[in-house]
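Single-structure report; data block below.
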Amino acid sequence: MPLIIRSTAQQTPKHYGITSPISLVLPKELDLVLTQKLTEALKPFGVFEEELELQRRILVLGKLNTLVKEWIHEISESKNIPASLIENVGGKIFTFGSYRLGVHTKGADIDALCVAPRHVERSDFFTSFYDKLKEQEEVKDLRAVEEAFVPVIKLSFDGIEIDILFARLALQTIPENLDLRDDSLLKNLDIRCIRSLNGCRVTDEILHLVPNIENFRLTLRAIKLWAKRHNIYSNILGFLGGVSWAMLVARTCQLYPNAVASTLVHKFFLVFSKWEWPNPVLLKQPEDCNLNLPVWDPRVTPSDRYHLMPIITPAYPQQNSTYNVSVSTRNIMVEEFKQGLAITDEILQNKADWSKLFEAPNFFQKYKHYIVLLASAPTEKQHLEWVGLVESKIRILVGNLEKNEFITLAHVNPQSFPGPKEGIDKEEFSTMWVIGIDFKKMEGSEHLNVDLTFDIQSFTDTVYRQAITSKMFEPDMKITVMHVKRKQLHQLLPDLVIVKRRKHSTEGLRGMNDSSVDLSLDSDNSMSMPSPTSTSSSAAVKRFFIILFLVIAQGTTDNSASTPSSLGPPAGKRPGSTLQSEKEKKLKDTYLVIRFSMLNSKMASADLSDVPLLPANPIPVLKNSIKLRLSR
């Protein structure tokens, strides 16, 4: 009898996830060949790091770990900790994010966590440890962000960018074999330490919840590259960040535990193109540790019921990693899942190569109408802060546009672009984002009046209000928003991104794929890219914005100007305002002339010296007002 029981136990596979697997089929020879082809297709995109670079990272982390141990030893002595404890006081650097998951790309930064015993204070980390780092000749660009939601020290160590968080545990010493997944470690910790620990705990749980780590890693590399190439990789803008993509891939691995990467990529698109959102994606059953920490639970928390695409982190306290997702971003991602499924169907049938999956679609040919958002500031430091704030609020603008009754979709491109300077002699730094807009197809009327002023004004008011509250605002920090048609985009954006469509040819799309900015770099928060240095692509942009800013500067300069009463309340779908009075009509026509006349081909080809000076008292315009008359 004991032998029978043992035999039965051996035949029962380990169960992963909250449901039984969909298939336990083992890979065939063809699956292994396709997986090898997938690996080869990924290599040109720089998603694999060379062995030398990997060893360099390990060396740098080893040095950092030694520094942490030395620092904790010194702190312990200064606080008169008994010598017997100091000898084994410990302290350790843990990693999380893409590096810990084993899917980091060339040049990616490292997310790290410094874990210290209970007698080491957070203030020590931001003073004496900061000073110790400053003394190291390999350390450059050292900066502390102590007031952040998750406080962090940022630095470059021997050329490798590292973000270090801090957690103080309620332990006398930190053992080398410490397992951060242990929920009891969270007892008696302050909320900042719990937040700091969360990244490591989630990453470690994911790795423990997948049946085959190597298959998981190769699949995740492929999905992350695909998401970046298709402009849907950005937590801050309402798409998915790195941890969310990792959890979706992990769930796929649980459902097909014996599959190799080529099969898993296909099954990923199959599962999530048919997923019935907002049913949550869970890697394990949530556990309650009775620590009274807030967890994602729509039965208890009403706001959780409104999350559109919940993907729940597996470590306590469980959270939804996709709370930024909006109606538009979810629709865009689901459509991309469906297209991914169609392409991988072709690949498995030997009708296409893996390279087709990673072709970058031409975002700038996809929509007829675009909203261009420009954030500018007079100094590089102010610009970095300003761009960070504006980018973090763009999802509010997308949400506002979604509520307009004439808009079906607002698609923000996660890649940002360099903006032009306001004046030739004036030093200024600026960044642009582009939002594709789909207007509803309305029957009957030949023309449609759409007013986006309220949508934009409420967004800019939110940004300015937060900047003032956080004491970050400077007078020359500006936001400008404008409507641009598809055929005019090439005058606003770098040539390497905009490719004109050629009739009966896919050459333009291929050109876009070959020359577009490399999207393989790791960034869980955004897809902002460095500014291209080409001057030829920015000349027309500068002409456009110089005139635009001159007009605006002499017009209405109050960013908090009152919203026209006809715009109605913000709740629900807002009706497009009808431009009834002659005064409103004149304002609309004048504004559109100013917006669009600057984009005609003659102005684009003119030298700066040929641009006539504006009259001393130009017709005033309402800043950031967009009123459109669309022909059907």
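If you go along the chain as it appears here, the first residue is 1 and each next one adds 1.
Every residue gets a Cβ built from N, Cα and C, even glycine.
Among the features that TrEMBL reports, domain 'Poly(A) polymerase nucleotidyltransferase' is placed at 17-210. Per-residue pLDDT, averaged over the domain 'Poly(A) polymerase nucleotidyltransferase' (17-210), rounds to 93.
With a cut-off of 8 Å between CB atoms and residues at least 6 apart in sequence, the same chain places Thr95, Phe96, Gly97, Ser98, Tyr99, Arg100, Asp163, Leu165, Gly199 near Asp111 (ATP binding site), listed in sequence order. Under the heading ATP binding site, TrEMBL lists Phe96, Gly97, Ser98, Thr105, Asp109, Ile110, Asp111, Asp163, Lys224, Tyr233, Gly242, Val243.
According to TrEMBL, the feature Mg(2+) 2 binding site maps to Asp109, Asp111, Asp163.
Residues or ranges marked as domain 'Poly(A) polymerase RNA-binding' by TrEMBL: 362-428.
Under the heading region 'Disordered', TrEMBL lists 507-536 (among others).
Summarising the annotation, TrEMBL assigns compositional bias 'Low complexity' to 513-536.
As annotated by TrEMBL, compositional bias 'Polar residues' applies to 557-566.
The region 'Disordered' feature in TrEMBL is assigned to 557-584 (among others).
Around Asp163 (Mg(2+) 2 binding site), taking its Cβ as the centre, 17 other Cβ atoms fall within 10 Å, counting all chains. Pairwise Cα distances among Phe96, Gly97, Ser98, Thr105, Asp109, Ile110, Asp111, Asp163, Lys224, Tyr233, Gly242, Val243, which the record gives as the binders of ATP, peak at 21 Å. Around the Cβ of Gly242 (ATP binding site), a 10 Å sphere holds 24 further Cβ atoms from the protein chains shown.
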